[in-house]
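**Student:** The disulfide bond annotation in Swiss-Prot covers Cys380-Cys407, Cys395-Cys409. Under the heading domain 'GAIN-B', Swiss-Prot lists 271-425. Annotation source Swiss-Prot lists region 'GPS' at 380-425. The signal peptide feature in Swiss-Prot is assigned to 1-26; the stated evidence is sequence analysis. Positions annotated as topological domain 'Extracellular' by Swiss-Prot: 27-435, 487-523, 583-623, 690-694. Annotation source Swiss-Prot lists topological domain 'Cytoplasmic' at 457-465, 545-561, 645-668, 716-785.
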Amino acid sequence: MRSCRSCNVRVLVAIVCGLLTGIVLGLGIWRMVIRINRGIFVPVPSIPVQFCRNGGTWQNGRCICTEEWKGLRCTIANFCENSTDGEFTFGSIPVGRYGPSLQTCEPGTLNAGSPKATRLCNVSEFGNIELQNVTKGSCNINLQTLEIQINNQTASAENISREAQVLTADASKLTAQNITSATTVVGQIFGKANNESQAKKTAIATVSQILDASEDVFQKAAEMDNSKSFSNLIKQMENYSYSQGDQTVVEPNIAIQSVTRDDNSGPSVLFSVQKGSSNSLVSGRILINKTANGLNPDGQTELQILLNTGENRKSCGFMVYQNHKLFQSKTFTATSDFSQKIISSKINESEQQRQNKVSVEMVFNPTYDKRELRLHSYACVYWNFLINDWDTQGCQKTGNTTEFLRCNCSHTTNFAVLMSFKKDYKYPKSLDILSNIGCALSIAGLALTILFQILTRKIRKTSVTWVLVSLCSSMLIFNLLFVFGIENSNKNLKTSDSDINVKPENNKIPESDTIETPNPSCTAIAALLHYFLLVTFTWNGLSATQLYFLLIRTMKPLPRHFIIFISLVGWGVPAIIVGVTIGSIYALSGNKRYWELDYRQEEICWLAVPKDNDYARSPLLWSFIIPVTIILITNITIFVIITVKVLWKNNQNLTSTKKVSSLKKVFSTLSIAVVFGVTWILAYAMLISNDDIRIVFSYIFCLFNTTQGLQIFILYTVRTKVFQSEASKILKSLSSSFDRTKPMPSITPLKLRVRMYNMLRSLPSLNERFRLLEPSGMTEETSLS
């Protein structure tokens with residue numbers, strides 16, 4: 001037993017640390033193998049990944065195709081090929097749309113950059129896709145010019161309507177001023193061009209094109225719409241809807257159906273819109289029934305409206321808008337990509353005034369991605385021109401089923417079902433065994449390292465204690481926050497379809513189309529994680545800077561107040577970054593209720609990821625990725641310099657009485673790499689698009705970085721002579737206590753003269769220290785181990 005106590009304690013410590021490292025590495029490899037095997041034996045999904053072709057997506061049991069394709073699997077062409085007509089060249093054009101020419105107006109003209117002409121792709125009476133004649137525009141006439149012409153009547157309505165259609169062909173280039181001018185022009189065409197039906201049909205195409213502009217542009221246009229051009233356009237189109245006999249006009253974003261009834265017609269008219277393979281409106285999906293007795297929705301119904309007049313009327317009209325962009329509300333805010341359809345029913349005003357009982361019944365089957373959204377509530381509303389906003393007066397809910405939302409209103413105008421959704425977030429599972437073990441070992445290692453560095457400061461006489469303690473402290477706090485706070489407590493909140501607000505008395509307009517469950521504690525955790533991880537990287541950079549001055553610049557003593565300066569940088573700069581980030585997001589959100597989700601994610605309490613690859617507005621990019629990337633590039637540069645000039649090369653400033661072993665150099669290199677945070681470069685490998693490679697790097701990244709605290713403990717605490725000496729004393733004390741408690745045998749031992757020799761040889765110390773040869777008043781030493 002005495003011989004065992006004389007064993008070199010470093011061997012025992014090395015064995016223990018080796019076992020811990022081996023266990024963690026083994027768990028990591030085991031988890032990686034399991035994950036790869038799971039990736040190989042993936043169960044066959046009910047719908048193959050490539051079932052929907054040509055950009056189609058599988059939603060709610062069917063393929064949603066792009067405008068260029070149709071059919072069950074989006075395999076039937078629905079566009080006109082590239083074409084040339086005279087001097088104009090056109091790309092592919094979806095059916096029902098006008099395609100802009102590739103030739104644009106020259107610089108210096110009023111419409112510089114706008115297409116010179118458009119061309120309609122349509123379906124003939126025989127079902128063939130064919131191109132129509134080219135419509136030319138003028139490069140010296142813009143929408144503001146058309147406003148003047150329509151007011152002064154200096155040009156025909158047909159010419160003005162044609163010019164407006166060409167100018168709005170590329171909706172992505174429309175500004176708020178363009179939207180306001182275009183709606184003004186089109187509204188006056190409907191009001192003044194009494195006998196020019198072609199001008200009005202072209203104007204409908206213009207409205208459809210305008211509705212392709214972004215929601216942000218429409219919101220800005222509504223703010224500057226002092227003349228109420230939106231309201232005027234809506235009213236004029238209502239009047240147009242019942243004045244065209246039995247004519248149907250269908251554009252991708254708007255459909256109009258006029259109905260003329262006779263004595264054989266019933267008291268009700270049913271207008272239906274059926275689902276299709278794309279989100280655009282097409283003529284085959286618009287149905288009318290003059291003798292309907294009630295609503296009769298089926299699985300293909302997207303919406304229906306039943307107009308009850310009580311007695312036969314000569315004319316009525318229906319209209320459906322693909323989205324709500326013309327109806328800019330001050331009480332209801334649209335923030336998601338979901339398209340709120342608007343449906344309108346209208347009868348002649350003079351006849352309506354004599355009508356005592358006019359009612360409208362509606363049924364909606366909203367199309368949205370049920371994998372991402374869950375319906376929370378809805379309201380049956382109409383557009384009130386007096387307040388220029390949505391109103392619920394005279395409208396009520398009449399119950400709903402699993403698919404359909406039903407409404408009833410006592411008047412006719414533009415109706416909608418304003419829906420609010422809760423996003424169906426996919427909350428991640430709790431940390432697995434590997435992450436928990438790695439974090440637990442790191443937390444324990446960091447805590448022991450901090451205590452050791454503080455308690456043995458005077459004994460070791462090293463100049464890096466404060467930097468290492470600050471680094472370990474920030475890393476320790478980050479690990480604790482990560483383990484106990486990264487998960488959002490909202491994941492435990494359960495919602496179901498029974499939560500939908502369907503009570504008639506609760507017909508209240510929602511504030512937004514997206515409902516979020518606020519969680520200020522999660523936002524606070526995200527801010528703290530953001531701060532302490534930035535602090536960790538900042539101290540990584542300061543550690544690299546300090547070693548650079550000590551080893552490469554041989555700057556001893558360090559500048560006066562150096563510790564105070566780096567402390568202000570290490571703890572203060574990250575606080576400024578986090579504070580500016582949160583303050584900027586809050587200021588830019590305006591009156592947005594759920595501004596915090598612009599800063600953090602809902603799935604976990606961490607920085608928000610870019611939406612639609614919009615990295616320019618992502619806090620993750622500006623307040624984390626860029627600062628961390630700068631620090632890592634600097635650290636790696638310094639790491640390479642120190643490795644080449646100090647660790648793996650004989651330095652003239654260092655003296656040693658023995659040869660430095662390769663093992664010693666490896667440990668010194670690893671020590672610096674860990675403190676510099678070099679392993680974080682593996683995070684960039686996780687951006688690889690290949691799933692298998694990304695998974696491998698993800699596990700390697702987690703393995704190295706969750707155990708970073710353990711690595712620091714082994715390399716900066718366990719390997720020091722002070723720790724080994726204290727650990728040796730503790731082991732000897734425990735061994736002595738064990739010997740005293742061990743019962744002695746009852747047999748009296750023979751008294752023999754025995755001489756014992758200790759044949760174990762102590763291993764040579766691998767801990768290197770150096771002093772500068774220049775005289776200095778400083779007596780501190782710098783250790784790389």
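Yeah, the Cβs are placed from backbone N, Cα and C, and that goes for glycine too.
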**Student:** How do the residues of the topological domain 'Extracellular' (583-623) split into helix, strand and coil according to DSSP?
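**Tutor:** Counts, helix then strand then coil: 18 helix, 3 strand, 20 coil.
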**Student:** Over the topological domain 'Cytoplasmic' (545-561), work out the mean pLDDT and round it to an integer.
**Tutor:** 75
**Student:** How big is the Cα-to-Cα gap, in Å, between Cys407 (disulfide bond) and Cys395 (disulfide bond)?
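**Tutor:** Taking the Cα atoms only, Cys407 (disulfide bond) lies 7 Å from Cys395 (disulfide bond).
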**Student:** What same-chain residues lie close to the topological domain 'Extracellular' (583-623): Cβ under 8 Å, and 6 or more beyond its ends?
**Tutor:** 423, 425-428, 485-488, 490, 511-512, 514, 516, 518, 520, 522-523, 525-527, 529-530, 577
**Student:** Taking only same-chain residues 6+ apart in sequence, whose CB is under 8 Å from that of Cys380 (disulfide bond), what do you get?
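**Tutor:** In sequence order, Met362, Thr392, Cys395, Gln396, Lys397, Cys407, Asn408, Cys409, Phe415, Val417, Asn507 meet the Cβ cut-off.
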**Student:** Given the disulfide-bonded residues Cys395, Cys407, Cys409, which one is most crowded in terms of C-beta atoms within 10 angstroms?
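**Tutor:** Of the disulfide-bonded residues Cys395, Cys407, Cys409, the most buried by Cβ count within 10 Å is Cys407.
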